[in-house]
Amino acid sequence: MAPATPATHDPALSHGAPPAPGAPAPANAPPNASGDIAGMQLSGLDQSQIMNLLRSLPGMFSGGKIPDQGQGNKEDAAQTLSNLAQAQPYGQQLPLHYQAGGPGGLPGINDPGPSTHPRGPPNLGQLSAVAMQAAPAPIQHPDQQTNRNDGEQAGNASASTSGKDGDNAEFVPPPAPAPTTGRRGGRSATMGSDEWSRQRKDNHKEVERRRRGNINEGINELGRIVPSGSGEKAKGAILSRAVQYIHHLKENEARNIEKWTLEKLLMDQAMGDLQAQLEEVKRLWEEERMARTRLEAELEVLRNMNGVNAGSAPASKDESAAGTKRRSTDGAEAATAATESSTANAEGERDGKRQRTE
């Protein structure tokens, strides 16, 4: 808080300066701006603090110089009001850290402070109201005058509210919406209006048209797939033939499954019988091979015996030729008889085995 210093009271500052006669009122100024600004009371500041605040405003007094404390007069006050009128409103120009008082900074507007004026502090709210009336009308962008829908109006209102709260950035109008057709265009219509009802009916008709088109395409495809003898084109006849054809296919599938199952069982049984017969043939062939091997061994023994008998015959040269021939004839006959008997036995066994196999 700045120390209380004596200052000369100026009646013009307490009662406010009259508006300039030649300055016309702005056409687009808000109707309640003067009343809102006039309601602001700076009862806790003296003249020195007010001058310090005016000096600290950025860009407010670029064209003139603020007189020092104690040297102000009516002309200086008028110059100050003129500079204030040419600048932006106080709420938009002053940064946020100048609007609210805090510890270690400038005092706030509503903070109480010492007053050295005998008749109270000057009414700066009236001076601000006069400055707002003398301010030029802001130039509006053409895009801001166009009608928006409910969502865009809400966005513009929030943007303007944030600008009034102290945002120094330049206002950028939202981009114009692209022209919409079809269902998106129907959303902009007010609910319950004739336009909304008409768009809703159009959308319903479009949905129904697509549904009927899909149904017709499906029925035509069935008519091409299902065989038809009479060539009927009616939708009901096509559907009836399709149902009958589906039942016929299901019956054929069931019969085919039953036939395939029976054939598989018969094939398995036949394979089992063939396998058993193959095993029996293998067993008989093995027995025949063993019998043949045995007969060949016996025949070899008999041949050896005949060779031994033939070598011992010329040992006695004194024997008569008749006796020698008789013995050799007897031995040959015995060998022949043995061979024939063994051959007959082998053939008998072979015939018996063949009969059993058949």
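Please read every residue number as a count from 1 along the shown chain.
Glycine too: its Cβ is placed from the backbone N, Cα and C atoms.
What Swiss-Prot records for 264-306 is coiled coil, and it gives sequence analysis as the kind of evidence. Per Swiss-Prot, compositional bias 'Pro residues' is recorded for 18-29. Look at Swiss-Prot and you will find 79-91 tagged as compositional bias 'Polar residues'. Annotated compositional bias 'Low complexity' per Swiss-Prot: 179-190, 331-346, in sequence order. Positions annotated as compositional bias 'Basic and acidic residues' by Swiss-Prot: 195-209, 347-358. What Swiss-Prot records for 199-249 is domain 'bHLH'. The region 'Disordered' annotation in Swiss-Prot covers 1-40, 62-212, 308-358. Taken from Swiss-Prot, the feature region 'Basic motif' applies to 199-212, supported by sequence analysis. Positions annotated as region 'Helix-loop-helix motif' by Swiss-Prot, on the basis of sequence analysis: 213-249.
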Could you pull the average pLDDT for the region 'Helix-loop-helix motif' (213-249)?
87
When DSSP states are grouped into helix, strand and coil, how many residues of the region 'Helix-loop-helix motif' (213-249) land in each?
28 helix, 0 strand, 9 coil
